[in-house]
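Participant: If you scroll down you'll find the structure; I have some questions about it.
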Amino acid sequence: MPEPALSTHELLDLDRRHVWHPYGPMPGRQEPLVVESASGVRLRLADGGGELVDGMSSWWSAIHGYNHPVLNDAARGQLDRMSHVMFGGLTHEPAVRLAKHLVDMSPEGLEHVFLADSGSVSVEVAVKMCLQYWRSLGRPEKHKLLTWRGGYHGDTWQPMSVCDPEGGMHELWSGALPRQVFAEAPPAAYEESYAEHLRDAIARHAHEVAAVIVEPVVQGAGGMRFHSPAYLRVLREACDAHGVLLVFDEIATGFGRTGELFAAGHAGVTPDVMCVGKALTGGYLTLAATLCTERVAHGISRGEVPVLAHGPTFMGNPLAAAVACASIELLLGQDWRTEVKRIEGGLSDGLAGLSGAPGVRDVRVLGAIGVVQLDHEIDMAAATRAAVAEGVWLRPFRDLVYTMPPFITNDADVARICRAVTAAAKAG
Ligand SMILES: *Cc1c(COP(=O)(O)O)cnc(C)c1O
């Protein structure tokens, strides 16, 4: 006999007492909304609480919306064959097909794929690849990372060390986190003086730096900042000139979100290592991947320890890989570029009225990403309530109200999201 379902009241009480939420205190202080189911772009709330249009794609991931028949079929089909087998000594079609898809669709030259369980782990693997590459070439002193401020690369240890030092809780962990090299945050527009700053930082630290790691074009959770793709070419050239590897963290930007399949495509640059995650499975299951070039893989293979010593228990999980294949095929099988452009237009129109409004510092849109930056820290509870009153789910933070809707969001729902962003910005 299944246990009787919890009442919403009981559920919330247990949640508050026992369950950590992202960046949350224990016990919890704010009451989360209880979601019963989700379909298309809508989250259905428990207790007849109605539906909310999801303006967040569950943190960049649900690009095709929820409960998608094609992704459901892929999951069910794979479930009937096997949901998991170990990847050590065994292989299977979903993982191999996924790797082939990723190699085919990613920037030219990325040939090898390491499947990881989450974005943060894929960044750990990227860091391990870069450090091991230099170790294998007899340069173990090249073990630092260089990045620009304002970034976010995940919450495990190495990724945390390259998150923005102010937003990333470096103070709390001073003395414990590895100390990396930080350049200034990239300006939005191309400025030769900033390009020079990047070149100079790379030149000065090349003797101790294994890799430069950045989020290309859009810095996500570190502050939703956009920058000129031309900086990526500056990084590529400086890294090549000074013997430093280049890592692009495309975990947020990948799979069409910025209007290119990968943000690196805005600059025509191939990194040495690239991380993907978030939208990889269309938001169904946790999965990420680290891709690298032949040069990086061969460098590692030439070392005293010629293997990449990493192997998560759930590596290459067939269920997640099968859904990822279906999600990629769904994306590439449609005119995603037109859909993202359409949403970009809707966000630009719908948010234009906020430009120059009191309390608003900046409004920016790129691809299916809309950002309103305030001139003050937002009242998150009030802003969230205002969005919910408009029938939309948003998750503002710091001085930001932002949205990255599923690509299937129709024009009326995009307009509704813009009304909610406006209401949240005014309320918070
Ligand atoms: C979300 C994110 C990560 C971390 O991914 P998780 O799956 O949450 O571990 C890393 N880098 C970027 C750019 C991200 O947006």
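Each residue, glycine too, has its Cβ placed from N, Cα and C.
Residues or ranges marked as substrate binding site in TrEMBL: W59, Y152, K278, G311, R395. What TrEMBL lists as pyridoxal 5'-phosphate binding site is G119, S120, D249, P312, T313. Sequence annotations record features per position, and here TrEMBL assigns N6-(pyridoxal phosphate)lysine to K278.
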Participant: How many whole Å apart are the CA atoms of W59 (substrate binding site) and G119 (pyridoxal 5'-phosphate binding site)?
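Facilitator: With distance taken Cα to Cα, G119 (pyridoxal 5'-phosphate binding site) is 12 Å from W59 (substrate binding site).
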Participant: If you measure from the C-alpha of Y152 (substrate binding site), which of the binding-site residues G119, D249, P312, T313 fall inside 10 Å?
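Facilitator: So the list is D249.
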Participant: Which binding-site residues of G119, S120, D249, G311, P312, R395 contact ligand 1 in the sense of C-beta under 6 Å?
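Facilitator: Cβ < 6 Å from ligand 1, in sequence order: G119, S120, D249.
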Participant: Taking every protein chain in this structure into account, which of the binding-site residues G119, G311 has the most other Cβ atoms within 10 Å of its Cβ?
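Facilitator: The residue with the densest Cβ neighbourhood is G119.
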Participant: Is it possible to get the count of other C-beta atoms within 10 angstroms of the C-beta of Y152 (substrate binding site)?
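Facilitator: Excluding its own Cβ, Y152 (substrate binding site) sees 23 Cβ atoms within 10 Å.
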Participant: For D249 (pyridoxal 5'-phosphate binding site) and R395 (substrate binding site), determine the Cα separation and express it in whole Å.
Facilitator: 22
Participant: Tell me the Cβ contacts of P312 (pyridoxal 5'-phosphate binding site) under 8 Å, same chain only and six or more apart in sequence, or just say none.
Facilitator: A116, D117, V121
Participant: Within 10 Å of each Cβ, count the other Cβ atoms, then let me know which of the binding-site residues K278, R395 comes out lowest.
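Facilitator: Taking K278, R395 as the binding-site residues, the minimal 10 Å Cβ count falls on R395.
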Participant: Within 10 Å of G119 (pyridoxal 5'-phosphate binding site) by C-alpha distance: pick out those among the binding-site residues K278, G311, R395, and say none if nothing qualifies.
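Facilitator: K278, listed in sequence order.
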Participant: Please report the three-state DSSP label of W59 (substrate binding site).
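Facilitator: Its secondary structure by DSSP: helix.
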Participant: Which three-state DSSP class does R395 (substrate binding site) fall into?
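Facilitator: The residue in question, R395 (substrate binding site), is coil (DSSP, three-state).
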Participant: Quiz question: given the binding-site residues S120, T313, which has the greatest number of C-beta atoms lying within 10 angstroms of its own C-beta?
Facilitator: S120
Participant: Pyridoxal 5'-phosphate site residues G119, S120, D249, P312, T313: biggest Cα-Cα distance, Å?
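Facilitator: Value for the max Cα separation, rounded to a whole number: 23 Å.
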Participant: Return the member of K278, G311, R395 nearest to S120 (pyridoxal 5'-phosphate binding site) in space, with distance defined Cα to Cα and candidates limited to these binding-site residues.
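Facilitator: If we rank K278, G311, R395 by Cα distance to S120 (pyridoxal 5'-phosphate binding site), first place goes to K278.
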Participant: Which state, by DSSP, holds G119 (pyridoxal 5'-phosphate binding site): helix, strand or coil?
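Facilitator: The three-state answer is helix.
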